[in-house]
Each structure stands twice: as structure tokens, then as C-alpha cells.
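What TrEMBL lists as transmembrane segment is 37-59, 185-205, 217-235, 241-262, 274-297, 303-321, 387-408, 420-441, 448-467, 487-506, 518-537. Summarising the annotation, TrEMBL assigns domain 'Major facilitator superfamily (MFS) profile' to 111-550.
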Amino acid sequence: MKEKKVKLEKLPIILSQEKFGLDYLWERLPHISVYQLRITGMASYASVLGGFLAIYPVFAQYTPPYRCKTYFDNNEEFTWLTWKQIESLTTETPDYDASEFSSGASCSHCVFDAASIESCDAGEDFSVLQNCLGKSAQEIANWTACEDNFAFDRSLNSKTNLLFNAGQPWETAVTQFKLVCGDEWFDSLSTALGLLSLMIGAYIAGIYVDRFGRKQAIMVWNFLTGICLLFHAFMPNQYGFLAMRVLGNGIGHVSFLAEKAYSMELLGPRRRAISTVLCNCYYTIGYISAGLVSYFLPDWRGFTLAYAGIAFATFLTYPFYPESPLFLYSRGRKEEARKIFKELGKKTNREVDDHLLEKVEADILKKDDETNVEQYTILDLFRHKDLALASANIGFAYMVNSLVFYGLTFNLVSYAGSIYINNTINGLVGLVGYVLVAFTIDKFGRRLINGGFMICGGLACLLCMAIEEAARKSDDPAPLLEAQKWMAFTGKMFISGSFGAIYVFAGEIFPTPLRSTGIGFGSMCARFGGFFAPFIIQIKAGFAKYLVSS
């Protein structure tokens, strides 16, 4: 049969035909049920893994406070000194400017000769030593750069290694590869390229998932993610770390997108907005659990290896959920699809007989014959004024959401308090945002919820900027910094909700033949927004981070 080309001008006609076929079947089946939630929950293992991959840099690439290693660190006579006490003795102070050696105080140190230190006769009294080696001593001492000889403050976590170099202090990629004092850009680059690699994953998913199936894609690509994480844990240098970060993130995104497609197809059309929210909820579980795993395995190699094992465990879910029946119909595997729909009817006490399925299949074949469409490209999104404006709007919203979401996520390390507690709160407020969207998006509409949440998130970032400036001028900044942290959490809640809403909005605003192209365009814009987030965090002026995010 000759393929019929559907013109863009006829797209409203196509949309009106969507009540036939499988959508008609959903009039007999529940759009959501406990059984459907159970099987989509099993498939959502990919979202849990996706949440881990997103938050991975916060823990594996954590930058603890650092300074140069000094005479006091290398001399057993001074083991009684704390990390902070040595820092106050040997790094730049308000009394002495050593900026000629580096861009920051942590990258240079004051070298006292042994005779000067012994002449202090301080015993184990820090105040005596501090008075002796004060301003006047610093002015006549030698100052030098660290030269890759650093001491890191590991007071964040007192645990030692369990899996690698057992009993030794834990390392992050930053401490092991010395990505400080001018090399911070490499740390940010590995995070940024990891996010950019999601575009590659999305491209692969578009080909693989539609050809081989949703369930198989989840299984295969979760397994490949585990392989990447396994190799990642043994990388000997920062270049290997970067390569595996990019590869693992891109591969993991294939299974993540396959799971999103699966969840949308196993819930009825009236509840497909909820499927997106549920995927985001499982994503948050992975996000929060990463902090728990990192608490017990703070070393980046052990942390990475643990998640390799979690990725391999995906095969335990294989017997507990079926393939997507919509995919099976698209590949002509009618009997398998029928079996799944009958099982769904049985589990939900709804009758699905062969006569009903034959009618549905006839509608599908008729629709395929009448609406066989040509392939569209991103350029087709901009051929008509209204569609071009909608596409530009969606692309911009995706980019902004991604930039702010990842910016507030990666900036977690600068908040007051424990990074582990803050990560849990950050994940939970994101979950609140997703739930708020689930309960409001159908009542108030996609545009109002998406735009409203973005505006509220921007205002929260502006308030963070104002609070930080007030804290800088305050004699007691602690309460203000605590307030700033909670304002940042508020911003994270709103931007998470907005991110969830834009997925729903984009899925409905584009006409059917251009839907996947439009969503792909939005996803591409999101990757560019995420790419810049790690570099914005490096801006020295703290208020500038929130200004850009707002």
C-alpha cells in the first residue's frame, strides 16, 4: 500500500482520531490500579538508578576543606594539633596577604623553620604556639605554594575504607586526583560532560527502545550501567574517571527513558500525568539513598562499586512485570499483547475478551493505514509561527529547569550543616514538589502550574541571594545561613515540581507526528542547561550563583 504523507496542516484531524484503538480499550480497563502500580514500580528500578547517577558527583566528587601539608602534619611531635589548628597557623590570615602564590589561601602555606617552632616551647598548648607564630612570625617566614602536597579535612565522616585500602582514610575523586588549586575545572568538566552525555543516551534510547522493547531495554542497559560502574571504580587517574562518568551516565539514561515509556504505556491515558510523577518519585528514592550509601562507604571507589552491584540486581525484578503490550502490538506480537491485557483485566476484575481485543486490533490496523506519517525533524518545529513559539518556549523552559535543578543539587555542599542530612532534605522537598504537581496539574492546568512553579523557584533563589548578603554583613551569620539553606530547599521544591510539569506539558502540546521530535528537542535543551550548572557553582561570589539561577 502506498504510504500516505500527513501534512502539518492536517494535524488536528490526526489528534481527533486518538480515541480509537488502544484508547478505546482503556474505557474497559482501569487507568490506574494497585496491579499497575506494582508492575510499573518494578520497572522503576531504572529511575532509582537514574537518581543515583544524578547525585553521584555530590559524594564521589566531594571537595572537603583543604590546605597544604606542612611541617606540623609530618612531625609526630604535633599529632595533638587538630586540622583546623594547623590551618590557622600556616595559611593566609587577614594579617598577611599571600595571594602572590595562588588564587586562594588553601593553595599556599607559611613555612616556619624548625628552630623557630622549637623556640616557642609551647608543649601541647595551642594558645602559646599561636601567639608565638603570629603575625610577626608570618611576615618573616617563607611562603610557598602547595605543589600537589595537600592535607584534606575528613571530619565529615570518621569511617575508614572497607573495600579499597581497608583501614585507610577515605578518598573522593577530588582528593585522590588533587583536583584543587587551579584544577577545579576538571571536576566541573566531568560533571558537565556527564550531563551532556544524556543526549547520547536519549538518541540511543529512541532507536533501541522502539525496536527491542521497553522491558528488554531496562534490563540490558541497567546491566551495562553496572559494567560501567564496575570499571569506573578501578580507574587509576582523572582521565579514566571522566571517560567512565560520561559513558556510564549516557548508558544509564537509556534504561531511564525506557522505564518512562513503560510507565506511560501501562497506565491509562487519564493517568499518564501521574506516571511521570511516579517516575520522579522513584528517581528521588535513588537520589536520597545515595547519601545513605555514601555515609557507610565514603570512599568514592567503594561507593561506585556498591552501585555497580545495585545495577546488576536489576535482574531480580525480571519475573515480576511483563513487556509493554503497546510495544508488542507495534511489533505484530498480538498473542503476547493479548495475554498481558487479559492478565490486567483479571487482576483488576475487568472483562477483556477476544471479541473486544479483535475490535481494538482492527482499529489499530485501520488507523495505521490511514495515518501513516512521514518522518519529521527539529526544523519542522519552527515552520509555523504558533508551533515555533511553543517549541521555543518549551525548549527554554527545559533548559532553565535543568540548570536550576542541577545547580541547587550540586550546590548542596555549600549549605550549613551535614551534607548527608541536607541531601535527604533536598530529595524530600523535591518529592513534595512532584506530589504537589500530581494533585494540582489537572485542576489548574499545565501552563499555570509550570509557570507558577518556575516563578516561585526564581523568587526563592533571589531571596537566597539577599539572605547571603545580609549574613556577610552580620556579626552572627549562623541563623541567616540556616535560613538561606531552607530558602534554597524551597527553591528546589518548586523547580522539581516545574521539572515534573514540563514533561507532562511537552508530551501534550506537540501534535502527534511531532511529539517525539518536540520532546527530544526539549530534552536536548535541558542537557545544555545542565552542562553549565557545575561551572556556575564555581563562581566565587556566592550571590551570583542564585542570581543566575533566578
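Cβ atoms here come from the backbone N, Cα and C positions, even for glycine.
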Predicted model, mean pLDDT over the domain 'Major facilitator superfamily (MFS) profile' (111-550): 85
Determine whether the transmembrane segment (37-59) and the transmembrane segment (241-262) share at least three Cβ pairs under 8 Å, counting only pairs 6 or more apart in sequence. yes
Beyond the flanks of the transmembrane segment (185-205) by at least 6 residues, Cβ under 8 Å: 53, 56-57, 61, 63, 173-174, 177, 179, 217, 238, 241-242, 245-254, 256-258, 402, 406, 410, 520, 523-524, 527-528, 530-535, 537-538
Under 8 Å, at least three CB pairs between the transmembrane segment (303-321) and the transmembrane segment (274-297) (pairs 6 or more apart)? yes
At a threshold of under 8 Å on Cβ distances, which of 241-262, 448-467, 518-537 pairs most often with the transmembrane segment (487-506)? 448-467
Looking only at residues six or more beyond either end of the transmembrane segment (217-235), which have a C-beta under 8 A from one in the stretch? 43, 45-46, 49, 53, 205, 208-209, 241, 243-245, 247-248, 251-252, 254-255, 258-259, 262, 301-302, 304-305, 307-312, 314-315, 318
Spatial neighbours of the transmembrane segment (448-467) far in sequence, C-beta under 8 Å, 6+ residues away: 397, 400-401, 404, 433, 437, 440-441, 480-481, 483-484, 487-488, 490-492, 494-495, 497-498, 501-502, 505, 543, 546-547, 549-550
Which of 274-297, 387-408, 420-441 has the most Cβ pairs closer than 8 Å to the transmembrane segment (518-537)? 387-408
